[in-house]
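The structure appears right after this line, and notes come after that.
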Amino acid sequence: MFLQLALLLFGFLQLRCPASASNQFGFAGHADARAQSQREKVKEMMKFAWNGYAQHAWEHNELNSVLGAPHNGSIMGQHKIGLSIVDSLDTLYIMGLQEEYNRGYQWVRQNFSLDHVDDYLSVSELNIHFVGGLLSMYAFTGDSLFQSKAEDVVKKLLPAFTSIDSGIPQAMVNSKRGVAGPRPGAYEAILSDIGSLHLEFSYITEITGHLKYRNYVHQLRDKLENMLKPRSLYPVYLNPRTAAWGPYKMTMGAMGDIFYEYLLKNWLRSGKTNKQSRDLYQAAVGRILVYQLGLSLAGLTYLGELANFHVIRRMEHRTCFAGGLFALGASAYFNDSVLAARHLQVGKELAHTCHESYRRTPTGLGPDSFQFDSSPEEDATATGQASDQKAFRLRPEVVETYFILWRLTHDQKYRDWGWEVVEALERHCRTKFGFSGLENVYLQDGARDGVQPSYFMAETLKYLYLLFSSDTLLPLDKWVFNTGGHPLPIQYANKMFRSKKNVPEYHLEFP
């Protein structure tokens, strides 16, 4: 009788817990007593956001958190491919939300596929969110389902490379028809798009042994390295057929950001052995410090944009990731303590500037873009008439920078600033069904945009949770986060690397 009961219990647990879950689900422990209540609050916010999506927009891509309905204007359109599910799985796993994770896991196992999508979708976004999210879960669990699903998506992206001879990938793919093309209304390739594939394509090669994936991105990077660049800077536009640069616009905001991020992170993820990535990163950001770094009249450090080498004193919310990037990149100057200290300091100053963009609004949340030098009082504020400038879209870049700088410095102010964001999100963005962005951060009771983007759960809440956790949870010397907030294991340093083939890297330099 006892044996029968034991077998019944075992069967019940097997039904409740998918094969992907290890004996110890998630990452137990790693609490920091100094910030335990803050961490639990962020976890509650994640559970609330997920439940709103699960109840009112399941398998659709994102939630309209004002109406309690699917939001069909997402980057993946109206196709039921579960963007928020795949994007959120690793956050649920990290936070130990097993019931929520199990439901997402079962949907991925039974339903996730791009075979039926007869539409052009972004190569970069498919890679960042779907491939990145699935690869994180493979690293966490070793479940072959995630490896298989990730490789399926990567195969769908390959026409972006094979449909053109220049080596510069097309921006969009139709996964049902197996064809690729440019962005609608824009023939040029975008620097951030073509720079957003390296981490994921390299890791999928290392866990499958299929060299072709990594070869595509290595050949692309070799090509970019050898191209003549105006003043050694990278314009954001590139003709995919002629491989010629387009108009001379340079930025570390939208259209440029991920390219620089992945130069550094590919070096880090290689166990600091990929010399090409490090050298390209140092050369690129070195020129950015010369041409784009500025100090406002009020003493705020900013990263401006260049238009035909004319500096536009404006930053986007997306540019705020650069605070964390420069701080993290200080390690690339291991043989020059002066340069390492300067890059860390630039990271700190940019974090301060981005915090000011939040502090100077009545809502405590920052605008989508902000300018400098119209007057000292208006520094780090949005004064333009464009409607989107004053919006807050639940974006992660500021809290990402706080998280990285907390880990590197343990300066309490970064946790304090992160908690200010949590409180502001609760006051102004929480709705009946989830969380919503704001149309104008300068209005206390302004309109909400109604969108709970998938990256809010994949990135914003994940970085806040990690900010209030112990450094032992996903330590930065063992994990690198892709641009969608999905952790990938560092080669040679992480037992969860799970490489099945000894695939040598290119451009190696062993310390």
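Indices start at 1 and increase along the chain as displayed.
Keep in mind that glycine also has a Cβ here, set from the backbone N, Cα and C atoms.
Just so you know, TrEMBL annotations are computer predictions that nobody has curated.
Bear in mind that the values here come from a model prediction, so they are computed numbers and not experimental data.
Residues or ranges marked as Ca(2+) binding site by TrEMBL: THR483. Around the Cβ of THR483 (Ca(2+) binding site), the number of neighbouring Cβ atoms within 10 Å comes to 26.
Sequence-distant neighbours of CYS354 (disulfide bond): residues of the same chain at least 6 apart with a C-beta under 8 Å from its C-beta are MET315, HIS317, CYS320, GLY323, GLY366, ALA380, GLU397, VAL398, THR401. The disulfide bond annotation in TrEMBL covers CYS320-CYS354.
Under the heading region 'Disordered', TrEMBL lists 362-388.
The signal peptide annotation in TrEMBL covers 1-21.
Neighbours of CYS320 (disulfide bond), defined as other CB atoms within 10 A of its CB across all chains, total 31.
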